[in-house]
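Undergrad: Handing you this structure, nothing more for now.
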């Protein structure tokens, strides 16, 4: 049976107000159509027509929390792939409790977070201040716990870091693309969440989605490397950010294949 890649999937995003414009832009640059809706009177209609859903809890407020839960449940009911980005889940009890409720009742297809965020979800102690993670090494014991967490919940977990780790509990991959400068730009993790939602929405076949997720993680890292290589003397982080989004809009499969640093476990 021929498997067709969906063109220009519609991505519904309920996200934080810090990075909302950047998420819309990376979605367009990676081949998707962004739509941000939170009003309860249109949520059901919007979510049902979407090819993918992203929920980002970076700036929580009561109305948005209700919107997130409504949309996650609809996505679950309709079989629409969904991504949860539990930004700063380790920072407060509210975030932690709400993220766990979303996971339990909304059953996301994928959870993306930095190591501190993912360790919090699996019940480990994290090294962080506020929403920022200072955990930089992923032990084999923690890897195994993450695999078990993914397997038990039938979802994909993406752990972003110096080396990104992706697992669905059965398959696992490590991605070594990227640059330190990406960690100095507000929202690069949130932007990755948008790319991962797109990766899930390109195909209806679940067996193709894991490799698309790995490709999206690697692609984002490669764009960071290329953006840094374009920097000239006295060009700083804002030029780097511009280059990063620019590279995402022009990168092709040939460049990805040449530069990807992916190891499957």
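Placement of Cβ uses the backbone N, Cα and C atoms for every residue, glycine included.
Straight out of Swiss-Prot:
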BINDING   36, 187  substrate binding site
BINDING   112, 160  ATP binding site
Undergrad: Would you mind pulling the DSSP three-state label for residue 160 (ATP binding site)?
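TA: Its secondary structure by DSSP: strand.
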Undergrad: May I ask which residues of the same chain, at least 6 positions away in sequence, place their Cβ under 8 angstroms from the Cβ of residue 112 (ATP binding site)?
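TA: The list for residue 112 (ATP binding site) reads 83, 84, 85, 157, 158, 160, 189, 192, 193, 196, given in order along the sequence.
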Undergrad: Just checking, which of 36, 160, 187 (binding-site residues) has the fewest C-beta atoms within 10 Å of its C-beta?
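TA: The binding-site residues 36, 160, 187 were compared, and 36 has the fewest Cβ atoms within 10 Å.
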